[in-house]
Amino acid sequence: MAFATRCFVRAASSSAATAAAKKLIVKHVTVIGGGLMGAGIAQVAAASGHTVVLVDQSDEILKKSTKGIEESLKRVTKKKFADKPEAGAEFIEKTLKNITTSTDAVAVVHSTDLVIEAIVENQAIKNELFKRLDKFAPEHTIFASNTSSLQITQLANSTTRQDRFGGLHFFNPVPMMKLVEVIKTPMTSQKTFESLLDFSKAVGKSPVTCKDTPGFIVNRLLVPYMLEAVRLFERGDASKEDIDVAMKLGAGYPMGPFELLDYVGLDTSKYILDGWHSLEPDNPLFAPSPLLNKLVEEKKLGKKTGEGFYKYK
């Protein structure tokens, strides 16, 4: 019996070692989407030694993305290499060499370890993208979405690699924000999950984990908080200016809820809220806001349009 037990323990240890050995070490990354989030993800991946392909629909967009990455790197080096300008220049050059661009996602995923999607927050468009790439990416390739509000499980179901699919939710601006939410669906394998955690740490982030619940951790708490501020204002209980000052000085937040809504984009906030409301129509935290709907209808979307809850020059 003791002999059998020892054999079992050795076999279990051997299996665990084999599983650990098979854990994917991400070296090649494909980032789909050259906007602020995608470019930021590409930057931190390249800066940490990964080979990165940044994909978007046109060369014009990609040129703008690359220029933005270069400018961002210059800001980083001013702090990181304040006393070593030559080392800073070398860091920028090395990072940019790690990034190539393409307008053909299908052509570049054949040799990638990890695909990170950071495109428009639209379920149908994301599903179509993942469904198409699933046919061309290698079997070992992990797919991840940077979505902030959509269910990872529904995105994974558009592919045949549900076990190699998870969420990697970075925060804007990516080079500065240390947090990454790593989302594991009921179908995500432990090997995939650990590979995503390792990648997050490798790019210099502090990962937290969460189940595939609406908004994950940060937005699940943040969006209802911002909308409760809007309701407080709608009822006439306090001015938006006083609410912002109160949360900055009383709670120590860097921005008030109305400032943050304008920064995020009122259309984005409304899209998130509408999606959650459709999933849980009886949840009062997800109830639509008449004022938010009105501002979005008037195209007053925040800083990006020059006016939201506040006006910007």
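Cβ coordinates come from backbone N, Cα and C, glycine included.
No curator has checked TrEMBL annotations; they are predicted automatically.
Positions annotated as domain '3-hydroxyacyl-CoA dehydrogenase NAD binding' by TrEMBL: 28-213. Taken from TrEMBL, the feature NAD(+) binding site covers G33, G34, G35, L36, M37, G38, D56, E121, K126, S148, N172, K304. What TrEMBL records for S72, K79, S148 is CoA binding site. The site 'Important for catalytic activity' annotation in TrEMBL covers H169. For 215-312, the entry in TrEMBL reads domain '3-hydroxyacyl-CoA dehydrogenase C-terminal'.
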Discussion item. So if I draw a 10 Å sphere around the Cβ of D56 (NAD(+) binding site), how many other Cβ atoms end up inside it?
Written reply: 24
Response to the item:
Least crowded of the binding-site residues S72, S148, N172, counting other Cβ atoms within 10 Å of each Cβ, is N172
Worksheet entry | Those binding-site residues listed as K79, K126, and which of them has the most Cβ atoms within 10 Å of its own Cβ | K126
Worksheet entry | Integer Å distance between the CA atoms belonging to S72 (CoA binding site) and D56 (NAD(+) binding site) | 19
Discussion item. As a test of reading the model: what is the averaged pLDDT for the domain '3-hydroxyacyl-CoA dehydrogenase NAD binding' (28-213)?
Written reply: 96
Worksheet item: If you count other Cβ atoms within 10 Å of each one's Cβ, which of the binding-site residues G33, G35 has the most?
Response: G33
Worksheet entry | Long-range Cβ environment of H169 (site 'Important for catalytic activity'), under 8 Å and at least 6 residues apart | N146, T147, S148, V180, E181, V182, I183, F216, V218
Practice prompt. For the domain '3-hydroxyacyl-CoA dehydrogenase C-terminal' (215-312), jot down how many residues DSSP puts in helix, in strand and in coil.
Written response: 64 helix, 3 strand, 31 coil
Worksheet item: CA-CA, which of the binding-site residues G33, G35, M37, K126, N172 lies nearest K79 (CoA binding site)?
Response: N172
Practice prompt. Ten-angstrom check, please: count other Cβ atoms within 10 Å of the Cβ of M37 (NAD(+) binding site), all chains counted.
Written response: 21
Response to the item:
M37 (NAD(+) binding site) and S72 (CoA binding site), compared by Cα position, are separated in whole Å by 13
